[in-house]
Amino acid sequence: MKPASLSMRLGLTVSILGALLVVFLALLAYFALTHELNALSRDSLQKKMAQVEHSLSLYVDTNEVSGKPHILLDQVMGHDNLTLTIYDRSNLRTPLLKSGSGLKDPRAELRAVRTTTEQLAYSESIDDEGAKFLTASKLIRLKDGSSVPVLLSMDNAHDQALLSAYLRSTLIALPLLLVFIGLTAWGAVQRGLAPLREFRKVAARVSTQDLEHRLSVVNMPQELSELAQGINFMLHRLDAGVQQLSQFSDDLAHELRTPINNLMGKAQVTLSRERTSEEYQDVLVSCTEELERVARIVSDMLFLAQVSHPSALAPFETVPLEAEAAKVAEMFSLAAQDKQIHLNVVGSASVLGDRLMIQRAISNLLSNALRHCPNGKTITLLIEQGATQASLLVSNPGTGIEARHLPHLFDRFYRVDSARSRSQGSTGLGLAIVRSIMSLHQGVAEVKSLPGVMTVFRLGFPAATPMAPSLAGKLPQGQ
Amino acid sequence: MRILVVEDELKAAEYLHQGLTESGYIVDHAATGADGLHLAQQQAYDLIILDVNLPELDGWGVLEQLRRTHSTRVMMLTARGRLADKIRGLDLGADDYLVKPFEFPELLARVRTLMRRSENIPVPQVLKVADLELDPGRHRAFRGAQRIDLTTKEFALLHLLMRQSGEVLTRTQIISLVWDMNFDCDTNVVEVSIRRLRAKIDDPFDNKLIHTLRGVGYVLEARE
């Protein structure tokens, strides 16, 4: 089943709640009204009874009551809804006196008479025609000391009419009110959710080719405008990511085109005429070297792809940075000796990570430093254990890097001096790999350079054993 | 020794066939998985070199069906270098796993290693090529009667070259086996080390033992 629309659901819910509220209020009003009318009736019966009692007290005996009823009848004269009935206790069959129609139900009347006491009592009864009566009863003493039961009945027809009119009007108004509330709620929700159509339109237009569209947040309800801003932000990030990817494929195609072009040209030139076998050998050697570079770009690319999907990686272990740095430095030491460069490893720290990847990051930084360090100088690998971070700094003196290059240095295929580094066999991915490795370790790769003086690359790892800063501060550094 | 190459790319099959034949193996070739499986079940091979990307029946399928009846050694070749793929290959019963692009000498070295696995040749205590002697136990090297002083890494490099005497070792293999760096480092450490080693064991003597195969790698052997 298709889920009901939001506006329909809200409209129905509000209508039902509104209906419940109206019914509740109507019932409350009905009962309050009934109670109030009842109290009023009792009050007036009580007053009338007091008057009757006063009049009766002037009569000597029951005979006088039946003989001269006028004074008593005058009491109830003018009150259409009042009936006065007085009985003789010795004869309950016929009343001594009866004004008006009296109760239509003689049994109820008899019951009331029999239970009459000197206390004023009320009883309610409904006669055959459905009319409701309130009866006050009391034993009243005459002058000769005998007491007669007096019933004073009030016909509540007026009150009943009032109440039923009230109920009727409420019942007629209720469905109308219900429809009105429901429609209003439905309309309000429809109006409020109208911007969703805008969402749909934008979503329908967005694709990887076209990420330019943004949602307009003007005049949007707050909840939706927050959502729209979230979506706009997401589109922005996707846009940036897609642009970076397409830029990257451009770069990759360009990077591969150069060596492929070289290979093809070289092979075609060689094949254009007969050559000695030494010449063929030379060409094959140079082709192999060029192909090695292509292969290196491809495997670096694969490595980068692998690092950005870290699910298939081996779990991290504790890696002593100084040992890895020393190992890498040893590998580079011969190349360094060639340039009379001294490699210096200082300090120690342990981090959680992948040994091979850390070696690779250090190796990329060191080969970079070695390439740019002037002969006869010193490259320092400084390892520091901080409270929250362990860092490894690779610094080399030299011409340095201009500030405008620094923000792009870790980008793929970014080269400060493209012609020179490409001829040295660099793939342009070394520092990009360093950054990917560091982000896999939740660390950072940074560079600072003072042109003409010193260039420092820094790898910052989160500390291997997270501990409270206060405690960490007390421990000796470099453990 | 007989090797079956199952590879659908003609150029790749061609150079594998040539390279392996020239190294002294008898090589058969199948271009599809089904043909390869059929050949492998009919004939007795010492090694099957199996590409993963094959038409119809892929390398995984061939390996799976072959392993039901045969225990022939299998080396998988693939363009996928993901750890999960490697694990899958080894789980299915592959003996080795090589990722493209690879260097031919490395393939050759791995083929030799796989072949040797069954032969169990004892490694001699003292290695000897021409008049060059290396005693790993006592960490000594002699050229004729003359003792040669070597640094630890130079000794490890010479040990490797002599152990694999007559085989070409690429730069990557040397870095991996001597310096224990299993990734492509951008350094000329191998060139420098070879140069220094040559200065000690070759330059003072007439009979040169370390040879450079340009564009491929290095080999230590006695050439008359």
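Counting begins at 1 with the first residue displayed.
Including glycine, each Cβ sits where the backbone N, Cα and C put it.
Keep in mind that what you see is a predicted model, and the values were worked out from it rather than measured.
What TrEMBL records for B:2-115 is domain 'Response regulatory'.
What TrEMBL records for B:Asp51 is 4-aspartylphosphate. Secondary structure at B:Asp51 (4-aspartylphosphate), taken from DSSP and collapsed to helix, strand or coil, is strand. Take the CB of B:Asp51 (4-aspartylphosphate) and look out to 10 A: across all protein chains shown you find 25 other CB atoms.
Under the heading domain 'OmpR/PhoB-type', TrEMBL lists B:124-222.
Per TrEMBL, DNA-binding region is recorded for B:124-222.
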Could you give the number of helix, strand and coil residues in the domain 'OmpR/PhoB-type' (B:124-222) as assigned by DSSP?
-> 33 helix, 23 strand, 43 coil
